[in-house]
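For reference, Swiss-Prot has these:
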ACT_SITE  Cys248  active site, glycyl thioester intermediate
BINDING   Gly81, Asp102, Lys125, Asn148, Asn182  ATP binding site
BINDING   Cys224, Cys227, Cys301, Cys306  Zn(2+) binding site
COMPBIAS  7-24  compositional bias 'Basic and acidic residues'
REGION    1-44  region 'Disordered'
REGION    346-377  region 'Linker'
MOTIF     390-405  motif 'UFC1-binding sequence (UFC)'
Amino acid sequence: MATVEELQTRVKQLEEELERERTRNRGGTDGGGGRKKIDQMSSEVVDSNPYSRLMALKRMGIVDNYERIRDFTVAIVGVGGVGSVTAEMLTRCGIGKLLLFDYDKVELANMNRLFFQPHQAGLSKVQAAEITLRDINPDVEFETHNYNITTVDNFQHFMDRISHGHLKGDRPVDLVLSCVDNFEARMAINTACNEQGQVWIESGVSENAVSGHIQVIKPGETACFACAPPLVVASGIDEKTLKREGVCAASLPTTMGIVAGFLVQNTLKYLLEFGSVTYYLGYNAMQDFFPSMAMKPNPNCDDSFCTKLQTEYQEKLLAQPKEEAKEETVEEVVHDANDWGIELVAETTEEELKAASHGHVPELVEGVHVAYVRPMTQEDEEGAAGLTVDDQESLEDLMAKMKSI
């Protein structure tokens, strides 16, 4: 049972939260974080500008127009270990509006993760998140929903909010981020997004807390969550029957933070159109392994909306004008006597070969050839020019002349 001091502390916290809400409802410019709302982002480098380092991305040529981030609306489903950090990162980046969905409450068991604080125990996660996030950045607009999206009534309301809850009016949100920890909620998000053709990013951390992943899902273009479901989903097993009393999944704030970082990084690249969006990125902490791939949709997917969108996407591709095939310039093979196109060049020059061909070649028996002919020197040429041979003299006469010398 709570002590008097604990109750008094709790009352004080609630009074502070109530005062923040009153200030916000009165239209005050102070968002609760001690600074006034900023109407327009500035790149001015001063200590009082919370956006100066973000706007530096423009100066460095990374993003063309970072200010556009204030025009985007993102829905985050699940405000736990990954979702709360994701919401915080997007808030610090200056996102226009966040829709937060979660039915759970903050517990002391959540303190091993990031974001939540012990004094927030007992508050709903979406309420605690909104209070903290408003203090961080009062320029962001928040919309919170404290319910389970998998029930029939709540599912319909969830679909309505992601299709009409945009910052700019009655239109769909720009992106849905799944940060839930169960397959039932993932399938609900998958169904809603397939039905509305909504792009979303799924994320998850393993039960042993040392691996995780993110997956971008564009209905009809990439594989949805039902195209290649986990074994638990494919087998039709109720997840609730797998839980045991006194047993819980492991949780590391490091893995949660890494997966949340990947999720937000991909979100920024998708919204602000810079870099390459990774359609699937995994993380294995044991080997520091980061696999990435693109997953094609399953033509036999159980979700009828997915197969319908696949057909529409293929028809759209066929309707696009075909790109003319570019003629590839084939490099001329230097030397076709080998597989590498290597040109064989002799070390002896043409002049040296020509000079060598005039040298003296001795008479050898058949089958034996000289390997090298000594080029004729100038003295050899002069001697050869002054040498005359009389073919009329016999061998005996020549020998007689030699003896007389």
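These residue numbers are counts, starting from 1, taken along the chain as shown.
Quick reminder: no glycine exception, Cβ is built from N, Cα and C everywhere.
Structure with Swiss-Prot features highlighted.
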| residue | record | DSSP class |
| --- | --- | --- |
| Gly81 | ATP binding site | helix |
| Asp102 | ATP binding site | coil |
| Lys125 | ATP binding site | helix |
| Asn148 | ATP binding site | coil |
| Asn182 | ATP binding site | coil |
| Cys224 | Zn(2+) binding site | coil |
| Cys248 | active site, glycyl thioester intermediate | coil |
| Cys301 | Zn(2+) binding site | coil |
| Cys306 | Zn(2+) binding site | helix |
Neighbouring C-beta atoms (10 Å sphere around the C-beta of Asn148 (ATP binding site)): 15
Among Cys227, Cys248, the most crowded of the recorded positions [Cβ within 10 Å]: Cys227
Cα-Cα distance linking Asn182 (ATP binding site) and Cys227 (Zn(2+) binding site), given in Å to the nearest integer: 17
C-alpha spacing of Cys306 (Zn(2+) binding site) relative to Gly81 (ATP binding site), in angstrom: 30
Candidate recorded positions Cys224, Cys248, Cys301, pick with smallest Cα gap to Lys125 (ATP binding site): Cys248
Cys306 (Zn(2+) binding site) versus recorded positions Asp102, Asn148, Asn182, Cys248 - nearest by Cα: Asn182
Using Cα positions only, nearest of the recorded positions to Cys301 (Zn(2+) binding site) (Asn148, Asn182, Cys248): Asn182
Output field, Zn(2+) shell: CB within 8 Å of site CB centroid, site Cys224, Cys227, Cys301, Cys306 dropped: Asn190, Asn194, Pro219, Ala223, Phe225, Ala226, Pro297, Asn298, Asp302, Asp303, Thr307, Gln310
Neighbourhood of Asp102 (ATP binding site) by C-beta distance under 8 A, where only residues 6 or more apart in the same chain count: Val77, Gly78, Val79, Gly80, Gly83, Ser124, Lys125, Val126, His145, Asn146
